[in-house]
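TrEMBL has this to say about the protein:
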{"type": "ACT_SITE", "residues": "141", "note": "active site, charge relay system"}
{"type": "ACT_SITE", "residues": "216", "note": "active site, charge relay system"}
{"type": "ACT_SITE", "residues": "545", "note": "active site, charge relay system"}
{"type": "DOMAIN", "residues": "30-108", "note": "domain 'Inhibitor I9'"}
{"type": "DOMAIN", "residues": "134-585", "note": "domain 'Peptidase S8/S53'"}
{"type": "DOMAIN", "residues": "389-459", "note": "domain 'PA'"}
{"type": "DOMAIN", "residues": "659-754", "note": "domain 'Subtilisin-like protease fibronectin type-III'"}
{"type": "SIGNAL", "residues": "1-19", "note": "signal peptide"}
C-alpha cells in the first residue's frame, strides 16, 4: 500500500470508529442540505458550515473532525458524523432545508445504437452528429479505464473552453490519462468509507483514483460517448463496431461508486462538482433502493434540481426492482429510464441425445465437444438434504457421487437467487455444466464459470419429457451464438422497475425506455468476475444501468442541435417522439409473460433518436413551474426560500400536480369531471396546424379544447385543456390512453394514466 493510500485509510478508519464507537449515542452519517447560497466563494461556505456544525458539536475541533463533505458550488450543505439529536437540532435551523441520513445507492454496445437508428441518423446528418463534439457528459459511476480504445481522442478538437473541471490524479491515474475525450476526472470515497468502513475491508481490487476496477463505469461511459472501435466482441459474441451514441461528445468522469454501491453524500459532492465544471448532461446509472424518500430527503433529487436550474439535463436509471411502484429517481426534473430488449438474442442452446434442440440463453465461451449425462438437482441431493432443496443447487446440497461428470439441471427458487452460486455448487460437486430453469430471465444472457445456459419454463418441459423417457439422458451445451434480427422487439425487461410513482402519483414514471438487455460495451480488464476469470476489453451485461446511458447520449445529441433548449424541452422532445410499437407492429409487451405493457412500464415508449431532434412541439417548464409543483406537494415557505435562495411563496390557490406542464398526463385520483392544463411551444419552419387525436382510457370520455392549434411562427406557445368525464370506475386501478398532436409530419404523443373514482 502506498503512503497516500495508507494516510487516507488511517484518517477514515478514525472517522469510521467515531461513527460506530461505543459508550456514546450512536452516530450516523447525515447530509445537511441548505439549498442555494450567496457566499462569494467556497471558503466562506466552509467557514459558515463549520460554525453551524460547531453549534451542535460543542467545539470547532469537534466540528472539523465530524465533517465529511462540504457542498459549496451549486448549492450549500455538508455531510457529517452526527447523533440523531444533533441532526434534529440542525434540522430546526431556519437556514436548513432538510437533514437526512446518507445511505448507499446501487449501481443499477455494438448493435443497440443500430437498433435505435442512430447509425442512419449519423449517415444522413453528419454535420448534426459532429456538433456533439461540443457536448460534455458527466458520468457519475465507478470510474473509467482510460487506456481503452473506446476513449481514444482521434479527430477531436481541443477541449471546449466552457469546461472548468480538473483531471484528479491518484492511484494508477495520472494527468496523461485525460485527453480530448476524457476531459476531466474526479473521485469521491469519504462518504462511502464513513458509512461502510475502509475500502480494504471489502477484499476486492480497487484504485484510489478515477480508475474503474469493476467495469460498470467504463461500460456506461463508452455507451454514451465511446469512440468507434471495429470488431468489438466478447469471446466472439456480439461482434461488430462498438460506439457510443454521441461518439464525438466528451466525457467528464465522477467516480462515486465502489463495489457496486454509492454513498448519497459522495453523489451530492459529485453533482455539485459536475454542474460547476460545466457539463451539459449528467448520467447516473444508480439509485436508492425502493421506496424512494421524498424529494428533500433524496440526494439524487436534490442534486438534479440544482443541475436543472443551471440548464443541465440529468438522466437516471429507474432501477432493477421489477415490481410495480418500485421505480426510483422519480423527481419530475429527472429523465427516468426503464430497460427493454433489442432485436438480438444471445443464445446458448442445448442439444439432446435424440437430436432435439432446447433453446437457451447465456454467455458461454466454453466448447463442449462431447455429450454428458443429465441429472436433475433434485435427484442428486446430498445426504440429509431434501430433494426440493437440492433442486435449487444451493451450497452443499449436491452429492458429488451423483453429479461428477454430468450436466446438472437446477431451478431458480426466487428472483434474487445467486445464479453464480448455483454454478459454483455444481462445479464443486464435479459437474460438467449447468442448465438453469429460470421462469423470469428468458433472453437475459448470464455468465457462468462452467458451461451453462438458462432456459424458460416452456423449454424446461421439453427437457423434462426427454429426461423421463430415457434411462441415460445426455446433452451438450453449445457455445453462444448471436442471433439477429429477432421479433418481437423491444419487450420490457423483466427486471425493470415500474410505476406508479410513489412520491408524486400524478407524474408518470418511468419517462422512457431504451435498450438495457445484453448490451455490449467497454469493460475494465481488472474486472474478471463472471468472465471465467478472463481479462476482457468488452462485456455484455443487462440492467437499467445500461439503458440510462443510451438516453444520456440522446440528450446530448438533442442539446447539440438545440443548444438554447432547457432540460425540460430536451426531455419533452425525447418523450413525445418515442414509439410504443415493436418491430412486429404490435404494442410493446412485458417480458417474460407477453402481456401488453403500459406507461408504468415504458413511460412514453422506446426512444426514437431521429424523431427526437425534430419533435415539432415541446412541453417546457422552468424553475418557477417546479416551485408551483413543490407547493402542490406541501413544501414549506422556509424550504422554498432556502432551495431557491430568495423569498418564495406558494400561491393562495395551489396548482394541482396534474397541471404541471409535463410531457405525459397523469391523474391519480379522478373524482368527477377533471380538467388538465398544458402548454406547448412550437419549433418548426413557417406556420403549422396541429390537430388532436385522443385514445381515451377505459371508463372516461376525453375531449381537448381547443382540438386544433394554429401556429404562426417558431417559438410560439399555445395552451389547451384536456377534459376527463368518467362514466365507469376503474376499481382503484389506473387505466391508460394517449393524446397525440400531429401536423401530418410530426407526431407528438403523450401517454395518459388515470385512476377513476366514481
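Any Cβ shown, glycine's included, is placed from N, Cα and C.
Bear in mind that the values here come from a model prediction, so they are computed numbers and not experimental data.
Residue 545 (active site, charge relay system) falls within a helix when secondary structure is assigned with DSSP. Taken residue by residue with DSSP, residue 141 (active site, charge relay system) is part of a strand.
Sorting the domain 'PA' (389-459) by DSSP state (H, G, I as helix; E, B as strand; all else coil) yields 19 helix, 17 strand, 35 coil. With DSSP states grouped into helix (H, G, I), strand (E, B) and coil, the domain 'Subtilisin-like protease fibronectin type-III' (659-754) comes out at 1 helix, 61 strand, 34 coil.
As a whole-number mean, the pLDDT of the domain 'PA' (389-459) in this prediction is 92. Per DSSP, the secondary structure of the domain 'Inhibitor I9' (30-108) breaks down as 31 helix, 27 strand, 21 coil. If you draw a 10 Å sphere around the CB of residue 216 (active site, charge relay system), it holds 26 other CB atoms from the protein chains shown.
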